[in-house]
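Some features that Swiss-Prot has for this protein:
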DISULFID  Cys45-Cys58  disulfide bond
DISULFID  Cys53-Cys69  disulfide bond
DISULFID  Cys71-Cys80  disulfide bond
DOMAIN    41-81  domain 'EGF-like'
CARBOHYD  Asn34  N-linked glycosylation site
CARBOHYD  Asn95  N-linked glycosylation site
SIGNAL    1-19  signal peptide
Amino acid sequence: MSMKYLMLLFATMIIRSFADSGNAIETTSPEITNTTTDIPAIRLCGPEGDGYCLHGDCIHARDINGMYCRCSHGYTGIRCQHVVLVDYQRSEKPNTTTSYIPSPGIVLVLVGIIMCCLLSVYRFTRRTNKLPLQDMVVP
């Protein structure tokens with residue numbers, strides 16, 4: 001993520017506390033009166049931002065020129081134009097059940113191969129034990 005996005009994200013968390021606070025500092029000398037208003041780093045856009053964000057609040061950051069949206073719950077996008085679907089949130093999680101499906105199949109195939117091997121060895125040894133001993137000479 002870019003640094004500007006991180007700054008904006010942090011700033012939107014504290015926008016409510018600074019949105020309405022504008023501290024005015026007034027200094028007076030015999031000839032000049034100077035009033036300085038403390039402008040918050042992040043503020044609501046005001047009338048120029050009406051309708052900019054479709055489902056959220058429009059904010060203006062002092063350091064980053066431009067309007068940005070803080071989306072309401074359930075919306076996303078640059079202008080909060082996309083609805084976050086429940087199925088989309090579920091699809092982000094890895095599906096672990098499909099990774100276990102091949103395992104029983106592989107185990108069954110291996111057990112079948114082992115059973116065939118054991119059966120063939122059993123038949124071979126049984127056949128060799130039943131053969132008559134014709135070549136054997138009795139003393």
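Keep in mind that glycine also has a Cβ here, set from the backbone N, Cα and C atoms.
Features as recorded by Swiss-Prot, highlighted on the structure.
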residue : record         : DSSP (3 states)
Cys45   : disulfide bond : coil
Cys53   : disulfide bond : coil
Cys58   : disulfide bond : strand
Cys69   : disulfide bond : strand
Cys80   : disulfide bond : coil
Between Cys71 (disulfide bond) and Cys53 (disulfide bond), what is the CA-CA distance rounded to a whole number of Å?
8
Among the disulfide-bonded residues Cys45, Cys53, Cys58, Cys71, whose Cβ has the fewest other Cβ atoms within 10 Å?
Cys45
Measure the Cβ-based neighbour count of Cys69 (disulfide bond), defined as the other Cβ atoms within 10 Å of its Cβ.
24
Work out how many Å separate Cys53 (disulfide bond) and Cys45 (disulfide bond) at their Cα atoms, rounded off.
10
Cys80 (disulfide bond) CB neighbourhood, other CB atoms within 10 A:
20
What average pLDDT is reported by the model for the domain 'EGF-like' (41-81)?
85
